[in-house]
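As recorded in TrEMBL:
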DOMAIN    152-202  domain 'Inner membrane component'
DOMAIN    380-498  domain 'Sodium/calcium exchanger membrane region'
DOMAIN    611-752  domain 'Sodium/calcium exchanger membrane region'
REGION    1-30  region 'Disordered'
TRANSMEM  155-183  transmembrane segment
TRANSMEM  347-366  transmembrane segment
TRANSMEM  378-395  transmembrane segment
TRANSMEM  407-427  transmembrane segment
TRANSMEM  447-470  transmembrane segment
TRANSMEM  482-502  transmembrane segment
TRANSMEM  549-569  transmembrane segment
TRANSMEM  610-628  transmembrane segment
TRANSMEM  640-657  transmembrane segment
TRANSMEM  678-697  transmembrane segment
TRANSMEM  703-728  transmembrane segment
TRANSMEM  735-755  transmembrane segment
Amino acid sequence: MSHIKAPIVDTERRRRRSTAESSDTQWDHDPRVYRRTSQCDRLCVDIGSHVAETPSPDVSHQYTPKCLSAHKGGTTPCHYGEEVWQDGSSLRTTIRAENEVEANKLANNYRFGFRKWKSHVTERPIEDRSDIVRELYSELNFVRPQGSLITCGNIAYLILFGWWISLAYLLVCVLMFLTIIGVPYGKLCWKLSCYFLWPFGKSILKPRSLVRRCCVKFPHCEAIPEESDSKEVKESTPLLMPPSVPIEVPPQRTRYWCRVSTYVWLLLGYPLLGLIHSLACFLSWILVFTIPVAKMNARTLAIILLMPPEDVHIHRLKKPQGCDSQVLLCCYHAFNWYYYKYTLDGINVFAVNLLPLVITTLVVGYVDTENQFVSSEAKFAAAVSSIIPLSYYIGMGIASISAQSNFAVGAVVNATFGSITEMTFYITALLRGHKAGTKCYEEIVKAALTGTLLGCILFIPGISMIIGGFKHREQRFNSRSAGVSSALLFISVGGVFAPTLFSKAYGSLVCAGCSSSQANTSGPFTCMDCHYDMSGSNEPLYLRHIEPLVYTISVLLPSAYLIGLIFTLKTHSHIYDIQVSDVHDHHQGQCPPGGASGGHGTVHWSRLRALSVLIMATLLMAACADLTTEHIKPILDHSAISQYFIGVTVLAMVPEIPEIFNGIQFALQNNISLSLEVGNCIAVQVCMIQIPLLILFNTFYDVGFVLLFSDLHLWASIFSVIVVNYIFMDGKSDYFQGTALVVVYLILLALYFFAPSPHAC
């Protein structure tokens, strides 16, 4: 018996070692990465090699091993990103990236004139991501240790989805029973009706007859969520069992597609339930945070409802199931806050969900021209909202091209397409105002320009400091690099408002009406609504002095922008002190080598695809801007709110919503430098690129655009620049400084809210 006991002792040791290792491992959260194939099959074959070589052991020596889920590696995943630390008198930024393209994207974030982009432009290895993110991409077909199932999200599922999906199954159940021949499907609908009312903590299983013979030997194996190839199980598997144990042979039954009940089900039951599941899938996907409900409905519709009813079994997950079953569906929570990180081909799920809104807005806007079905106000709101996803696509296209090109090409792409969102709206508004013969649209454009400037200077840095300050007590940034942006901001604001200051000094004061008291006609006059006018009453001064000044400034500002690019990208790039390194070694000034952490990686969008997306998004943006300017007139005419306020808030900040979220995410990662640069970069581009382009456009096609701003725009912008430079002086930030910036921004918004409407409106 010694030759029999030896293999048994050896396998017993191996079983104990596997059990000890399993206590330190956890269930995987992404079956796509760690595919749990038939572990029971492999274990049975391994032990069978010993059993086949020896006579059948005594029953008292048998054991029942526990099948383990596959655990890959055991090493800690690598994390990539930016690290900032104090080194002497400067802040050094070390970039750790998975590949060369991602390293270029991260380095571009620190370069002046480049659009800051938080999302990845290359595919990230799922094994390098956290367990929370892995769970987002799971297919809901794995068993894991369950916590509390009574959560607010699960209760919300019962209220929003569970009861009417369960009711639909109950009605189809009655219909199937009435057909007599569809009774098996009626029973299935009854089981699924109970399941979808509260699916949490339950699993839908499918029997696996091929592994059933193995599990007679090892009955305590856990359920196998992924179906393995049947060819892996050899026909010699009876050798794995003692001769005293009979082989279980599944009973013969009619093939699924040869049954009459199958076609009754496909004609009567499946279409109705397909409609219900499609509606639930659509609604839960649109809500984003309930995407697990969408996955559950999609998996049911595509797999479970097309299976033979006798193969669908529902069990509670109180203890592990046998390995003779395959997990088809297993859901624990209907709500997950982290689905805001979910992406499809690198595109954030919110941008994906808002894309149908763009198409619907354009179709309704250009088909219903008489506003018979949809009001003008609703079309305006839809058109403005459609700008948000298009801004996201433009931003991702710019980041993708810049990361795959040298800095010169990236700078050109950022300078041209970086302002395309705002420029499309400004030009279409000026064209519509010129066609209508009113200056109101010009005032709206100026208000939007000023609103973008104020929002990027005050609100984006302020809200980033507040949210980042709640997570990090104090955040530091490179004051030298911030000083470059601050200097250019001073130059740009001074240049833009120089013609306005010139008009205050030499312009004619025009008043709407002056009057004196009847008793004293020689006394002082009371004048209303006075302002300096350059275009009408003092046209010679404007043509001889103001207009040449505007053209001079429109040349000097882009020149200063170009000098800033050369200064920060070539001659003085050391002030950013950026190191690009891989996980193991630090290579000053060069990208990581190829391999696991280097190479070019797999980009989401190639340069050709990114360029195509840029062009398409630009065309759609122009169409949405045209609808916005077309349907803004009723709002301007009948709104009790100042037209200044509409331009400064809605038209200015809605296109910048993706940038606001980028700044917040940078701050949460303790990278406040990029949060500040997000706003400064846009503000500088407004003054040094967008306004000169509008002047150039007006030169070739006169739409009456005059670079003269109201006093409110002038002093609000100057005051904002002074405040933000004072805040940035010490190179530190906290939530108090962020609160100060946001409060200043809200005070200025209050000024615009209560300000009288522009003269032209």
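Placed from the backbone N, Cα and C atoms, the Cβ positions cover glycine too.
The helix, strand and coil residue counts that DSSP assigns across the domain 'Sodium/calcium exchanger membrane region' (380-498) are 103 helix, 2 strand, 14 coil. Mapped onto DSSP helix, strand and coil, the domain 'Inner membrane component' (152-202) counts 42 helix, 2 strand, 7 coil. Here the domain 'Sodium/calcium exchanger membrane region' (611-752) has, by DSSP, the following mix of helix, strand and coil residues: 118 helix, 2 strand, 22 coil. Of the ranges 347-366, 407-427, 610-628, 678-697, 703-728, the one with the most Cβ pairs under 8 Å to the transmembrane segment (640-657) is 407-427. Taking every listed stretch (347-366, 549-569, 610-628, 703-728) in turn, the largest tally of C-beta pairs under 8 A with the transmembrane segment (678-697) is reached by 549-569. If you look at the transmembrane segment (610-628) against the transmembrane segment (447-470), you find fewer than three C-beta pairs under 8 angstroms, all six or more positions apart, and that falls short of contact. Counting same-chain residues at least six beyond the ends of the transmembrane segment (735-755), those with a Cβ under 8 angstroms from any Cβ of the stretch are 447, 454-455, 458-459, 461-470, 641-642, 644-645, 648-649, 712, 716, 719-720, 723-724, 727.
The stretch from 378-395, 407-427, 549-569, 703-728 with the most CB pairs below 8 A to the transmembrane segment (447-470) is 703-728.
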